[in-house]
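Annotation comment: Swiss-Prot describes 1-24 as transit peptide, evidence class sequence analysis. Marked as [4Fe-4S] cluster binding site by Swiss-Prot on the basis of similarity to another entry: C392, C459, C462.
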Amino acid sequence: MVALRRAVALNAVAIARLQTRALTARTRSLALASSQYRAYKTSSRQHAFHSQLENTPTPSAFQYQKPPTVENPQTLVEKIAQQYAVGLAPGKKIKAGDYIALAPHHCMSHDNTWPIAKKFLDIGASKIHNNRQVVFTLDHDVQNKSEANLKKYSLIHEFAEKHGVIHYPAGRGIGHQIMVEEGYAWPGTVSVASDSHSNMYGGIGCLGTAVVRTDAASIWATGQTWWQVPPVAKVTFTGILPPGVTGKDVIIALCGLFRDDQVLNHAVEFAGGESLPIDDRLTISNMTTEWGALAGVFPVDEMLISWYRGKATTNAMFGGSSKDRINHKRVDELEQNRLEADPNAKYAKELYLNLSTLSPIVAGPNSVKIATPLKNLEAEDIPVNKAYLVSCTNSRASDIAAAARVFREAAKENKDVKIAPGVNFYIAAASLPEQEIAEEAGDWQVLRDAGAQVLPAGCGPCIGLGTGLLEPGEVGISASNRNFKGRMGSTSAKAYLASPEIVAASALKGKIAGPGWYQKPEGVEKVIIGEGSGDYVADKALSIEDALDKLINEADALIAAAETSEGAKEQAASPTAAEGEESLTEILPGFPEKVEGEIVFCDSDNINTDGIYPGKYTYQDNVSVEKMAEVCMENYDTEFGKFAKAGDILVTGFNFGCGSSREQAATALLAKKIPLVVSGSFGNIFSRNSINNALMGVEVPRLVERLRETYKNDTEKPLTRRTGWKLVWDVRRSKVIVTEKDGSSWEQKVGELPANVQEIIARGGLEKWVKAKIDA
């Protein structure tokens, strides 16, 4: 055994030496190696931070220095979550994968507040655990003046007054914008919302993530909910944005170029974006939701500190509703106690994007994963019927100013500048304070004079509510965040996403177009992206370090296998050893040992919550179970209801249930009497809603691939098909048995269903589980 250890050790050392020599040789010729990763060279003055200049010497230009080592290192996301985790064992450092009890700094809800309140009351709660933790903002259906909607708003107001909850009325602004501008979302804290775009808070260094309605009710009642710390991906920005390129172009590029679920169900930490304005960061973080991430967090840097200093000074001089939360004392504390990722923090993956190589980009139609350079779409002369400068993503004062600039510059050539004939241009500020800033600057009036139609500060057409929805066959271009089929109107309409200036230019010209501000930098031929940090030497050194770690682990495994081989042989020869013995999962009372049914197959990836349950029904609180079953999957396939039957097992592609936090995406499938959903992978927020509402789900990528292989030559390609295949999920044995149409069958091991999840589902969902705990 000593000889074996020595041989393995010598082998590892030899390989390490060879790879180290390769690194040394690469480092000595750095000037040649790194040049291919530069975006462009120029002799003109560069407006950039010192560290970003092309020829600035840095230590890494001469040799790679390994970052200092911290014991049990944590990412920024893990550090922030650590501060808001309750009940941890002494000395416990949380890491990705851990389940924790999370007590967020703030929990925001919007028009879904009343359904949450009903859940809160139904579980037997009578008092909000911490009324300073909770914020209500009415923002989604603010144009709806029906008696039913006004009554709901009145009930929310009365509930807030009774319990002393901070609340903002309809028309004040979009909840996520209020959370940021009023200082509820704060750097280094955790703020959640029962809305999927709470990721936006990451733009100011706050860990913002979505919860669902039942979670919110639990937070109201107990101050906390459960949360699994996600794997963390690090995204490094290199270079600086050229003029005419915005934060919206950055996030569209990330969604479209890294479109293979690289960050699905991850939290993202951004680095290297020191030059990005805060409004651009808010846009980028906001749409990390569409990228598939659970959070998108920027670091606290000088740009952010300066931004808060400005707001604190304004509050000190003129007062303001946020003065108790945004003031110099609090900014001082923030500056002195910045949370940062440990230098040797471990990330699930690392990606980079060279900002200098970006150009204006448009997403669509009807998908954020289709990203096309603006110049390509301009060449197609795509007519536009409706344009939208709305949403929490891009309707702040800076966005309105950018749109107004388009019309101001056009007015230099033609004083009477108007929106193109046949185009409707809708504008709604992210909040009243942002609208007031735009009004004082004259930008709001410029857009109105050009013919823009003003909507109240709120979500409106972004969520498919109110005035200006897309009609069948129409084309729309929006500065919002989501262009799923049917979300902004008709399922036969086409929706594109773009920056505010592109939206304004398109409204002006009557077709998808830009204002002409972008000038391609010399030498830029393509967008530079990749895995790693974008620093060739550092990435190469880290890859060698990973290789050494892998060798050591393999050596340990080889030694352990050799040391135990005799014992293993003896055990295998023992008559008591049961061949194929399998561990069995304990099944709790009330939970089925097996779930079985015929497979109905929806062969699409990224089926989103709008596809599962249309947004136009989301804020109708009295929709019957029968109606929910009728409209289930309507935006994905209008024929779904004809194919799917009670008791069927729905099998879908990858990333099923991405999109919003609406719980009806789960309850509509239950209304359709579908007991189990099988997919290649699930969006995290759908998984959370499923568990909370007692819908079972299991990931079986092999089944999806097998079905696709079987039907790959089918020329019809229906969105939904009955397969004649049968599936049995043996929960006790943690496996699925699939019987294909020809009678052949096969098995696949799946993850064990833990007891706590069984208990919630057996109780009929989290709401009933919490009620049982309270009653006990």
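Using the three backbone atoms N, Cα and C, a Cβ is placed for every residue, glycine included.
Under DSSP, C392 ([4Fe-4S] cluster binding site) is assigned to coil, being neither helix nor strand in the three-state scheme. Taken residue by residue with DSSP, C462 ([4Fe-4S] cluster binding site) is part of a helix.
Around the Cβ of C392 ([4Fe-4S] cluster binding site), the number of neighbouring Cβ atoms within 10 Å comes to 29. Here the binding-site residues are C459, C462, and the one whose Cβ sees the fewest other Cβ atoms within 10 Å is C462.
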